[in-house]
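Heads up, the thing below is written out as structure tokens.
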Amino acid sequence: MNAPSLFRNRFLQTILLSSVLLQVGIWVRNFAILLYVAERTNNDPYAISLISVAEFAPIFVFSFIGGTFADRWRPKRTMIWCDLLSAVSVFVVLLTIHYGSWHSVYLVAFISAILSQFSQPSSMRLFKYHVPEEQLQQGMALFQSLMAIFMVLGPMLGTFVYSTLGLEISIAVMGLVFLLSALVLIRLPEDHMQSQTVAVKGQFRKEFIEGFRYVWRSQVLRMLGLAFILAGLAVGVAQALNLFIVTERLGRSKEFLQYLLMVNGAAMLIGGGIVAAFAKRVPPQILLAIGMIAGAICTAIVGYSTSVPLTLTVQFLNGLVFPCIHIGISTMILKWSDASIVGRVNGVLNPMFVGMMVVSMSFAGALKGAFSLGIIYSGAGLLFLLGALVMVPIMNQKAPDNTHIAQET
């Protein structure tokens, strides 16, 4: 099927609009918290890395649980309730910030991260149900392009809102767009899957363990899990110390970080379009390996570069190839997972990546005190390279034929 037919899919229309709203809220939140904490603590590396820990630590804990419940609950209802609860929690935390301690800013990311672990696997489940198999990889490319657009616009938007309106309005914007997203999701096609909230005693534990067994029995999913672990360690430390690449290696103010991210995002947008054009002809394992090899080289160069033009060029090249990682991973999970268990598979694999991110983010401040940024980023690059090598044993594997039940909508 061609691209226009993708946009006529009611499910995709609704999910894309919801994602636009959520991305606005997330980017405004991320930059408001980052710039506020940097100002408040005078660029303290521990306080800054703690932002990432607050955002990603609950993902590690709740992704297992969220993925299991996503396979049991009605996905549309789950997604709507998660966005509503996120909006309510944001406004509650906003009151705490206004009347209490500024440290409450960490709670904004913490709470929404928990709820996203119930919403995101539900979205994956609906994606598999409503998008025909021949359009899966193209659909993932669309989401990658959306992410890339906000990699360009998000930093600029987040910096502008915080600089002109301050922390509290920035947090309020996040709450408002989450509320709007919940309203948009009402337009999703009605759930056809039966809710299983009433289960026999021990059923949850059984389903929970079944997700691990399913991944362990599949060589492809096992190798993907190992790649997740290595990539998570690399991404965590690099992401937590991004601000110091700007201030120490490049000698620029912390606001310059937005331009690095915008260049990277513009490249991701172009790369997403390129990958979408040939995604159906390239196995997702190869896409993932290409992305990780490029990530290895670019990460190491960024760690040593003191040249703004060189760093921006490398960020552009890295962004150009990054869609290969996102599209490759998402497609592998969808193609090698049965529709009835895709939430649990996602709930097993995602924490491997996020958990390792949290570990490396937690140590990022200490690593910076002990080693130079060049050595740290070279180590991250080596981890990316090892992740690419993990893909070698499964390069020629074909996806099973009985894992997809998508229907036209």
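Cβ atoms here come from the backbone N, Cα and C positions, even for glycine.
Quick caveat, the model's predicted, so the values are computed rather than measured.
If you look up TrEMBL, you'll see 11-399 marked as domain 'Major facilitator superfamily (MFS) profile'.
Annotation comment: TrEMBL describes 12-34 (among others) as transmembrane segment.
Under the heading transmembrane segment, TrEMBL lists 46-66 (among others). Here the transmembrane segment (46-66) has long-range neighbours at 33-34, 37-38, 40, 106-107, 109-110, 113-114, 116-121, 208, 211, 236, 239-241, 243, 343, 346-348, 350-351, 354-355, 357-358, 361-362, 364-365, meaning same-chain residues at least 6 beyond its ends whose C-beta is under 8 angstroms from one of its own.
The annotation transmembrane segment is assigned in TrEMBL to 78-97 (among others). Only residues 6 or more beyond the boundaries of the transmembrane segment (78-97), in the same chain, are considered here, and those with a CB under 8 A from a CB of the stretch are 18, 22, 69-70, 104-105, 107-108, 111-112, 115-116, 118-119, 122-123, 126, 167-168, 171-172, 174-176, 178-179, 181-182, 185-186, 188.
Under the heading transmembrane segment, TrEMBL lists 103-120 (among others).
If you look at the transmembrane segment (141-163), the same-chain residues 6 or more away from its ends with a CB under 8 A from one of its CBs are 6, 12, 16, 19-20, 23-24, 26-32, 35-36, 169-170, 173, 255, 257-259, 261-262, 264-273, 275-276, 279, 319, 323, 326-327, 330. According to TrEMBL, the transmembrane segment annotation covers 141-163 (among others).
Tertiary neighbourhood of the transmembrane segment (169-186): same-chain residues 14, 17-18, 21-22, 24-26, 28-29, 31-32, 76, 79-81, 83-84, 86-88, 90-91, 93-94, 97, 105, 108, 112, 158, 161-162, selected by CB-CB distance under 8 Å and a gap of 6+ residues from either end. Feature annotation from TrEMBL assigns transmembrane segment to 169-186 (among others).
TrEMBL lists 223-245 (among others) with the feature transmembrane segment.
Long-range contacts of the transmembrane segment (257-279) within its own chain (CB-CB distance under 8 A, at least 6 residues past either end) are made by residues 31, 34, 137-138, 140-142, 144-145, 147-156, 158-159, 242-243, 245-246, 287, 311-312, 315-324, 327, 331. Residues annotated as transmembrane segment in TrEMBL: 257-279 (among others).
The transmembrane segment annotation in TrEMBL covers 286-304 (among others).
The annotation transmembrane segment is assigned in TrEMBL to 316-336 (among others).
Taken from TrEMBL, the feature transmembrane segment applies to 348-367 (among others).
Taken from TrEMBL, the feature transmembrane segment applies to 373-394 (among others).
In the predicted model, residues of the domain 'Major facilitator superfamily (MFS) profile' (11-399) average a pLDDT of 82. Same-chain neighbours of the transmembrane segment (348-367): 45-46, 48-49, 52-53, 56-57, 59-61, 63-64, 67, 120, 211-212, 214-215, 221, 224-225, 228-237, 239-241, 333, 376, counting only residues six or more beyond its ends whose CB sits under 8 Å from a CB of the stretch. For the transmembrane segment (316-336), the residues of the chain that approach it from at least six positions outside its boundaries are 124, 127-128, 133, 136-137, 140-141, 143-145, 147-148, 151, 218, 220-221, 224, 228, 231, 263-268, 270-272, 274-276, 279, 284-292, 294-295, 298-299, 302, 342, 345-346, 349, 399-400, 403-404, judged by C-beta separation under 8 angstroms.
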